[in-house]
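Asker: According to TrEMBL, the protein carries these features:
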type: REGION; residues: A:1-20; note: region 'Disordered'
type: TRANSMEM; residues: A:30-50; note: transmembrane segment
type: TRANSMEM; residues: A:62-82; note: transmembrane segment
type: TRANSMEM; residues: A:102-125; note: transmembrane segment
type: TRANSMEM; residues: A:137-156; note: transmembrane segment
type: TRANSMEM; residues: A:168-187; note: transmembrane segment
type: TRANSMEM; residues: A:220-241; note: transmembrane segment
type: TRANSMEM; residues: A:262-288; note: transmembrane segment
type: TRANSMEM; residues: A:308-330; note: transmembrane segment
type: TRANSMEM; residues: A:350-372; note: transmembrane segment
type: TRANSMEM; residues: A:384-406; note: transmembrane segment
type: TRANSMEM; residues: A:477-498; note: transmembrane segment
type: TRANSMEM; residues: A:518-545; note: transmembrane segment
Protein chains: 2
Amino acid sequence: RLYSLAQPPWPHQRPSPSASKEVWKKGGRMFSILLAVHLALLACTLVSSGAFEKIAVHDYDVFFLLTIMMLVVIVWMIFYLVSTSRCPDAILCKDSHAGPVWLRGGLILFAIFSLVMDVFKIGYYSSFYSCLSAIKIIYPIVQAIFVIVQTYFLWVSAKDCIHVHLNVTRCGLMLTLTTNLAVWMSAVTDESVHKAHSNSSTEECNCNSQICQIFKNGYFWLYPFNIEYSLFASAMVYVMWKNVGRFIDHHSHHIHRLKFRLFRRTFFVGIVLGLIILVSGLGVLIVYEVRVNSSNESSKKKEALTMYYIFNIVCLGLMSLVCIGGSVIYRFDKRDMDRHKNPTRTLDVALLMGAALGQYAISYYSIVAIVASTARDAISALNLIYALLMIAQHTFQNVFIIEGLHRQPPKEDRKRDPHQKDPYGLTFVNVNAVSLRVPDSGSTLAPSTVPGIEAIHPSELVQSLAGPKKMNWRRKFLREISMFLLLSNIILWIMPAFGARPQFDNDKELNFYGDSMWPAIVDICLPFGIFYRMHAVASLLEVYIMS
Amino acid sequence: RLYSLAQPPWPHQRPSPSASKEVWKKGGRMFSILLAVHLALLACTLVSSGAFEKIAVHDYDVFFLLTIMMLVVIVWMIFYLVSTSRCPDAILCKDSHAGPVWLRGGLILFAIFSLVMDVFKIGYYSSFYSCLSAIKIIYPIVQAIFVIVQTYFLWVSAKDCIHVHLNVTRCGLMLTLTTNLAVWMSAVTDESVHKAHSNSSTEECNCNSQICQIFKNGYFWLYPFNIEYSLFASAMVYVMWKNVGRFIDHHSHHIHRLKFRLFRRTFFVGIVLGLIILVSGLGVLIVYEVRVNSSNESSKKKEALTMYYIFNIVCLGLMSLVCIGGSVIYRFDKRDMDRHKNPTRTLDVALLMGAALGQYAISYYSIVAIVASTARDAISALNLIYALLMIAQHTFQNVFIIEGLHRQPPKEDRKRDPHQKDPYGLTFVNVNAVSLRVPDSGSTLAPSTVPGIEAIHPSELVQSLAGPKKMNWRRKFLREISMFLLLSNIILWIMPAFGARPQFDNDKELNFYGDSMWPAIVDICLPFGIFYRMHAVASLLEVYIMS
């Protein structure tokens with residue numbers, strides 16, 4: 001035993017001489033962050049100025065900047081792919097948490113839709129290319145190439161922990177991240193402007209032909225996918241940036257290789273309930289869109305709004321209850337918390353908490369408007385309940401997802417293992433304990449805590465032997481819950497992403513805050529709300545697989 | 001040697017059984033963050049709505065919410081002080097980085113000014129208390145009590161790492177943080193509204209008497225101090241929150257006990273140059289304010305603006321050059337980077353980078369406006385140079401400060417120590433190496449790296465013996481630089497904090513972006529810019545002491 005401590009066989013010891021190559025990681029990161037901040041601010045300035053007609057900055061100025069940024073990023077990505085394939089020492093280890101297959105699958109799905117959108121855009125602008133600046137056609141062409149190259153790049157190298165050209169790679173990744181965020185900002189602004197001016201056609205060259213109208217409507221319907229593509233790519237690029245120059249302890253990883261088995265021992269209750277919600281939600285959305293957009297009668301509009309609110313209240317209420325149930329089940333779950341370092345998960349949690357702020361802000365402004373205004377009617381009451389439930393549901397769902405993501409995956413393999421009590425099991429726990437870091441205390445658990453672990457461990461084993469039936473029940477429930485929440489989040493993503501805007505159709509807040517403040521609040525915050533739903537779906541899928 | 005590894009005498013081993021009391025630190029933090037997010041959003045909604053006259057939310061609604069929050073925080077602080085003084089196990093260790101004496105000193109200074117402001121406010125409102133709601137007088141009274149209690153609380157317990165009532169303490173601290181931020185938001189909004197409407201007096205009860213006018217002007221002049229007080233308190237409370245339940249390895253600390261010796265071996269060049277800038281800046285500010293506010297002649301206004309811009313360009317240019325010089329000196333500095341965990345420093349860096357965004361945004365919007373508009377004159381050219389230099393100076397200064405904060409303090413004591421090469425010195429380095437964590441690689445340097453450190457160490461000793469003269473030169477330069485930057489940042493803080501607004505006096509951007517967008521940009525971003533200067537002063541003082 002003493003021998004093994006004096007010469008420990010830990011694999012993370014190996015790279016430590018080369019780890020000292022980089023004297024100060026923070027300094028290396030700082031430069032790339034500065035680059036990203038400046039580029040992002042410049043893009044943000046141009047995009048926000050370009051959105052206003054009165055301001056002498058036009059959308060082609062924005063497209064020009066974005067085109068240049070995308071071209072630079074394409075060149076850098078090709079350089080990265082070539083240089084890493086040539087140098088065998090470039091990638092010493094891979095982060096198995098990064099770029100899970102469903103994230104990469106989603107990326108490819110959104111990439112395909114983005115490409116279709118670009119084709120539509122090219123078709124739309126080429127219908128009257130004679131009276132437009134050339135950049136409006138060049139931009140979608142460059143964007144299509146960018147989407148193809150970036151999707152290939154992320155598919156191949158999302159898990160890389162690169163160890164050559166550290167600073168160039170950091171800057172390149174930050175440039176990629178900024179470009180994606182700028183494209184996202186531009187798409188969100190473009191969509192909001194289009195929604196606001198959908199009736200007035202002030203363009204010099206009108207789009208009158210049938211095919212041109214199809215192209216135009218087509219590319220605006222496909223915008224949500226492009227927006228999600230940019231955000232997915234940004235998240236993956238950020239994780240790659242965090243992994244630059246990182247060495248990974250391979251021990252904590254081989255437990256996580258879980259397979260995605262969709263219908264393993266479920267009661268189908270979650271899926272069936274979720275599908276009911278999904279289908280009825282689609283129906284509500286179609287009826288709502290048709291009624292609100294076609295008729296100017298206020299009674300029909302009110303009916304549509306009432307229907308929309310009631311559906312959402314039922315859906316959000318159910319989801320909140322289910323989330324509370326899930327959190328209660330976690331209280332009785334004896335699985336250990338997973339404290340290993342995991343940049344993907346940290347990012348997931350930060351994005352969930354951060355993106356929820358968008359919907360929180362809209363809801364709080366709604367609540368203040370409804371409470372402070374004197375006129376009260378049924379729609380206002382429904383709107384108030386809707387806003388309150390929105391806040392509650394986001395909060396409970398975040399708590400549920402974050403708790404789920406931090407659980408250790410189930411130890412099924414160990415339970416089925418007949419040699420459970422052999423020394424191997426103890427060594428395994430042992431090594432894990434050594435590499436376990438108590439976060440924030442600035443100290444490490446030293447090998448001398450091994451006796452303590454040994455003392456705790458047998459009781460845990462006994463427990464997991466005594467109650468396998470109960471564990472299964474709990475896990476089944478958790479799986480039902482996450483599947484139901486997943487499907488519900490999909491419909492709550494579809495509704496705002498495809499144009500339902502009760503925030504504007506209901507004129508309460510618009511009258512209270514005025515024509516400039518309320519649209520500003522909604523247009524800034526709603527994209528985060530939509531992204532939240534998308535991201536919650538991805539995280540719930542992970543919770544489903546882990547439970 | 002083997003014996004010492006098997007039973008290591010590390011002091012951070014001691015608390016590890018009680019560390020396991022808290023199963024999942026992130027979960028404990030999550031709840032308090034959720035509480036803070038919701039309260040902050042509610043306050044933000046009310047404050048931003050209350051700022052607009054058209055919206056039916058009034059400033060007394062905001063004051064009502066703030067008064068309740070402050071009362072709750074006062075009660076909690078008293079509870080905290082009583083419970084920690086009664087329970088001897090509550091505070092097992094203190095974070096020596098947290099609440100340095102100049103931060104606490106600054107807090108007390110700003111607290112005194114805030115109290116004076118509250119007295120003026122009470123005097124102002126009591127001049128016509130008959131026609132105002134009572135909350136307008138209650139609010140400053142409660143705020144005065146809050147300032148006194150909070151300043152005492154922070155003075156006494158800023159360094160605490162508390163280990164009882166973990167969740168209650170986290171929630172209490174987050175509540176305190178949110179209250180401070182809400183007070184800050186309210187003060188910033190109030191000041192902006194006052195500046196915007198300084199000419200129109202739409203209040204029902206006019207303030208006509210001499211003494212009432214004095215009170216009114218007095219309290220608006222004292223607002224910047226109250227704003228800084230809230231931000232200082234927020235920063236200290238945040239560090240306390242990070243330290244809840246933390247165990248500290250005491251080894252890395254006793255080196256940091258450096259004394260503040262102001263005039264130790266300096267050439268006075270930095271101080272003299274800085275004082276010249278400070279005094280001439282005060283002169284420029286007074287002339288500028290008088291000319292811009294008193295006369296409506298555009299020629300006099302232009303003269304004042306030209307003077308203001310030229311002074312700022314000279315000042316920013318000098319500062320940028322000096323920062324670049326400082327960064328170059330750091331390139332040749334052989335001191336090690338300090339990689340120890342230090343929440344105060346992490347917060348400092350994040351605040352510097354984050355607060356700089358405010359000034360960056362204003363500058364980028366200015367640049368776009370000047371470049372895109374066709375009319376070009378001397379003022380525009382000066383404004384463009386000013387905006388560009390502002391960006392450059394913030395960037396270079398951030399790089400300089402962050403690099404300075406991450407250096408190990410000079411090893412003067414060791415150099416003067418005649419027994420430098422005795423085993424004690426090696427043991428010391430040894431222990432430090434054991435507790436040193438390579439950040440982000442998820443692994444810890446284990447005791448087996450000790451031979452490596454021993455191999456590196458003697459050469460470093462030889463180096464520090466060989467070049468003590470050179471080291472002193474470098475350090476003296478760094479001290480000059482940080483003192484000059486410190487004084488320059490003070491004048492660049494004073495100018496916007498006491499009402500210089502070239503962003504509005506120069507009508508370029510106002511015409512370009514319109515009357516609603518440009519004031520919104522400046523009013524949101526400028527407070528961060530002002531805070532940046534204040535915070536840079538504090539950080540530069542630390543760099544001065546460390547170098």
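Glycine residues also receive a Cβ, built from the backbone N, Cα and C atoms like all the rest.
Describe the structural surroundings of these features, if you would.
Answerer: For the transmembrane segment (A:30-50), same-chain residues at least 6 beyond its ends with a Cβ under 8 Å from one of its own Cβ atoms are 57-59, 61-62, 65-66, 69, 167, 170-171, 173-175, 177-178, 181-182, 185-186, 189, 241.
Same-chain residues lying 6 or more positions outside the transmembrane segment (A:102-125) and placing a CB less than 8 Å from one of its CB atoms are 132, 136-137, 140-141, 143-144, 147-148, 151, 154-155, 158, 207, 211-212, 215-216, 218-219, 222-223, 225-226, 228-229, 232-233, 235-236, 260, 538, 541.
Sequence-distant contacts of the transmembrane segment (A:137-156), counting only residues of its own chain at least 6 positions beyond either end whose CB sits under 8 Å from a CB of the stretch, comprise 63, 66-67, 70-71, 73-74, 77-78, 80-81, 99, 104, 107-108, 111, 114-115, 118-119, 121-122, 125-126, 129, 176, 179-180, 183, 229, 233, 236-237.
Residues 28-29, 31-33, 35-36, 39-40, 43-44, 47, 62-63, 65-66, 69-70, 72-73, 76-77, 79-80, 143, 146, 150, 162, 223, 226-227, 230-231, 233-234, 237-238, 240-241, 244, 527 of the same chain sit 6 or more residues outside the transmembrane segment (A:168-187) yet have a Cβ under 8 Å from a Cβ within it.
Non-local neighbours of the transmembrane segment (A:220-241) in the same chain are 32, 95, 98-99, 103-104, 106-107, 110-111, 113-114, 116-117, 120, 147, 150-151, 154, 157-158, 160, 170, 173-174, 176-177, 180-181, 183-184, 187-188, 190-191, 194, 343-344, 347, 351, 497-498, 527, 530-531, 534-535; each lies 6+ residues outside the stretch with a CB under 8 Å from one of its CB atoms.
Using a Cβ-Cβ cut-off under 8 Å and counting only residues 6 or more beyond its ends in the same chain, the transmembrane segment (A:350-372) has close neighbours at 235, 380, 383-384, 387-388, 390-391, 394-395, 398, 401-402, 503, 508-509, 512-513, 518, 521-522, 524-529, 531-532, 535-536, 539.
Only residues 6 or more beyond the boundaries of the transmembrane segment (A:518-545), in the same chain, are considered here, and those with a CB under 8 A from a CB of the stretch are 100, 102-103, 106, 184, 188-189, 192, 196, 224, 227-228, 231, 258, 260, 348, 351-352, 354-359, 361-362, 365, 394, 397, 400-401, 404-405, 478-479, 482-483, 485-486, 489-490, 492-493, 496-497, 501, 503-504, 509-510, 512.
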